[in-house]
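The transmembrane segment annotation in TrEMBL covers 36-59, 71-96, 116-136, 157-180, 200-230, 251-268. Feature annotation from TrEMBL assigns domain 'G-protein coupled receptors family 1 profile' to 48-270.
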Amino acid sequence: MEPPNGSAAGQTATCFGVFNATDSHTSVQNSITSPWFSTAFGLIGLCSNLFALCVLLGSSRKLSSQARSSFLVFLCGLVVTDFMGLLVTASVIIPYHFIKFTWAEVDPGCHLCNFLGFSMVFFGQCPLLLGATMASERFFGINHPFSRSTSISKRRAWSIVGLVWGFSCLLGLLPVLGLGRYTLQYPGSWCFLTLLPDTGNVVFCLLFALLGISAVLLSFIFNTVSVVTLCRVYHDRESVQRRRDSEVEMMVQLVGIMIIATICWMPLLV
């Protein structure tokens, strides 16, 4: 471990202090599976998101319901975020699997490592916050359907998506600004936040984890209450069948998003 100082040498070694990329280069080469494995999964994810985005854009043009339109805006924001996250991270990680470059030689100033770490935090936190935003929007839309404040226009929905992106961007920039740091992670193909007992890293790790856990828990609470409300009114003869079916469809999508986010992120966040 390098001593903390402001020198150029100390700054250069900051992202390689935990994982010794030079000494472990040979063993890492033998432990990595075929690079085509990660490439295939990356391409499948990108193509799936492109297909989903085309379907959502086509559906949004045909809808007259403002509630459904705003929900599709949030869903489009989620798909775009996932697509860009796969594209950005895969553009660094997949070439590493093919070339097996040495990080200390390719990125002596840790700029690429910081960018990859920022991308992992940004594109990791965004879906969780967007999921919580969608759940809260549906919660107020279902439980307070006659309140004018629950009606969200497309422009306002995109503004909310932009705020989520901006907040996640600020969160990802904190290590670059001095709170914590990004370091190379095993097997040497990616960078992420650092799990070390110094104050800066502890604060940033707790901030990232607690925000993610809070978003998942809020999604769970809002979605549970919304599902219970829909179950109570589903057989109400005074409600409009088409509106009921639309609400149920949106809640099924939200519950699916929540389950996937919980399975993928909660073990890491905890």
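Yeah, the Cβs are placed from backbone N, Cα and C, and that goes for glycine too.
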Which listed stretch (71-96, 116-136, 157-180, 200-230, 251-268) has the most C-beta pairs under 8 A with the transmembrane segment (36-59)?
71-96
Taking 71-96, 116-136, 157-180, 251-268 as candidates, which has the most Cβ pairs under 8 Å with the transmembrane segment (200-230)?
116-136
Over the span of the domain 'G-protein coupled receptors family 1 profile' (48-270), how high is the average pLDDT in this prediction?
83
